[in-house]
Amino acid sequence: MDMNTLLSLSWHLMVPEFIILGAAILLSICDLFFKLNHRYVALGAIAAVVLAIVSLITLYSEPAGDILNGSFVLDGFSKGFKTLLLGGAALILCTAMSDDKKNPIEDKGEYYYLFLMALLGAMFMASSVDFVTLFVGLELLSLSSYILVGIRKKNRASNEAAMKYVINGGIGTAITLFGMSYLYGITGSTNIVDMQKVFAGELASGIQLLLALAFLLLLVGLSFKIATVPFHMWAPDVYEGAATPVTAFLGTISKMAGFLLIIRLFLMVFASVSVQGDMQSLYGRMSIYIAVLASITMIIGNVVALKQYNVKRLFAYSGIAHAGYLLVPLVALSPFTMDSMWFYMLAYMLMNIGAFAIIHGLILQSNKENITIFTGLYKRSPFTAIVMTIFILSLAGIPGTAGFIGKINIFLGALHVEPAHYVLASIMMGTTVISFVYYFRILQQMFFRTGEVEEKIRLPLNIKIVMSFCAISIVILGIVPMIGYNFFYEYFPLMKDFFFLGNVVQ
C-alpha cells in the first residue's frame, strides 16, 4: 500500500482511539523518565478521556463508515456505546485519584496508563466487525485488567484475585476462540459482514449443527466475561481483592464491553442464519439457552447476595444479577431491544460508579470493607447518606430513578414480543423484589444503626464530584427519561445501520 492510499483512508473515524492510545504511550514515557506525581498522571489520563469524548461528539453527525479493510466501523451502535464507555471511564479515573494510604498501589503511574489501554480495548470491541480486531480488543482489555486487579503486589487478596481472574479469563478466551474457529471454518472469512452474505444462502443441515455448536461455545466463553451463572465464580473474589476503582471498572466498563461483543456476534451473525423448514433464524431457535442463562443468573445472583456482608462481594453478586437482567432483551428481541439495553447500561453505569465512589471514600476512612462501614452514615455525613440512598433505590428499581425506567422497559419489552416471555418477566419481577432485602440492609445500616465511631466523615472533593454528578443524572433520567431516549434516537440510529451494516458502509 503506497503512502497516498494510506493517507486517503478514513483515519478520522479512529480519532478517539488514537487519543487514548497516544495518551497511554505519552504518560508511560513521562512517568518512566520524569517520575511524575501520580496526580499529574491521573489528570493527564482524565484530560485524554475528556478529549476523546469531545472528538467522538464531533463524529456524531458522521455517516456510518469503515476502515482497515472493513474490520473497524463507526456506526450508531459504536458511537452510542463508546459514549458510555468513555463517560464511565472519566468518572472512575476521577474516583481513583484518592489513594488508599494504608494499602497503596505501588506503581500508581502504571495504574492509569494500563487503565487507558483497557479502555482502548473496550472501544475497539465496540467498533470491530472482524474476528481479528475483536480479539485484539478483547485481549487488550483482558490483559490490562488482569494487571490492574493484581497491581497491589504486596496485598495477598489482590494477588489471589489476579490469579483467579487470569485462569478464568484464559478459559473464557479459549472457549470463545474455539467458537470463532467454527465460524471461520464454515465461512472462510473472519469478517462478520462477509459471514452475513454467506449465511444469506441455503445451508446444509450439517452446517447448521456446527453453527449451533459455535453459538453454544461463544455463549459459554463470553459468559465468563460478563459473569453470568454458572460462570461467575471468579467475580466475587476478584471484586473483593481488587482496589475499589478497579472493581468499579470491572463492574461497569468491562461488563459493558462483554455485552457489546455478545450483541455484535449473536445479532449480526446468528440472527442472519435461516433454519431449514422454519421461519425462525438460528438465533431465535437458540435463544432458549440465553433465556435459561438469564433466569438462573437473576435467581442465583440475588439469592446469594442475601448472605453477603462484605460490601464489594455484595455488589459483585448484585452485578451478576444485573447481567441477567441485561440478557432479557437479547431473548425478547423487539424494536426496543437496543434502546432499552443502552438506557439500562447508562443507568447501571451511573448508579454503580456512584456507589463505588462512596464505598471507596468510606474504605479510605475506615480501612474496612464490611457492610458496617455504612453504620450511622446519616448522622456522620447526611449528604453522603442521601446520595447513597439514591443509588440504592435506583439499583433496586424504585420509581423516580433511572434504574426503575431501565428495568420497566426491559420488563415491558419481554411482554411486548410474540409469544410473550411471561416466565422470564416473572422471574425478573420476583428477583427484583428479593434484591430489596440486601439493598435495604444498607439503608438500615445508614439510618437506623448507631456506629461505635461518631466522628464526621469528610470525603475527598473528587469523590464528592463523582457521586453528585451520578446522583443528579439518575434522578433527572428517572423523572424525565425522554432526555436520554431522545439523545439516543437522534444521534445513534442503531436500527438503521446495525443490522444492515454491509449496505451502509459500502
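Glycine is treated like the rest: Cβ placed from N, Cα and C.
What Swiss-Prot records for this protein:
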TRANSMEM  14-34  transmembrane segment
TRANSMEM  40-60  transmembrane segment
TRANSMEM  72-92  transmembrane segment
TRANSMEM  109-129  transmembrane segment
TRANSMEM  131-151  transmembrane segment
TRANSMEM  166-186  transmembrane segment
TRANSMEM  209-229  transmembrane segment
TRANSMEM  256-276  transmembrane segment
TRANSMEM  343-363  transmembrane segment
TRANSMEM  385-405  transmembrane segment
TRANSMEM  420-440  transmembrane segment
TRANSMEM  465-485  transmembrane segment
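Across the candidate stretches 131-151, 209-229, 343-363, the maximum count of CB pairs under 8 A to the transmembrane segment (166-186) is reached by 209-229. Scored on C-beta pairs under 8 angstroms, the neighbour of the transmembrane segment (343-363) with the top count among 109-129, 131-151, 209-229, 465-485 is 465-485. Beyond its flanks by at least six residues, the transmembrane segment (72-92) meets 13-14, 16, 46, 49-50, 52-53, 56, 59-60, 62, 64-66, 115, 119, 122-124, 126-130, 133, 245, 248-249, 252-253, 256-257, 260, 263-264, 338, 342, 345-346, 349, 353, 357, 466, 469-470, 488, 491-494, 496-498, 501, 504-505 of its own chain at Cβ-Cβ distances under 8 Å. Here the transmembrane segment (131-151) has Cβ contacts under 8 Å with residues 68, 71-72, 105-107, 110-111, 114-115, 117-118, 120-125, 158-159, 161-163, 165-166, 169, 173, 176-177, 180, 183-184, 190-192, 225, 238, 241-243, 246, 249-250, 254, 257, 261, 264-265 of the same chain, all six or more residues outside its ends.
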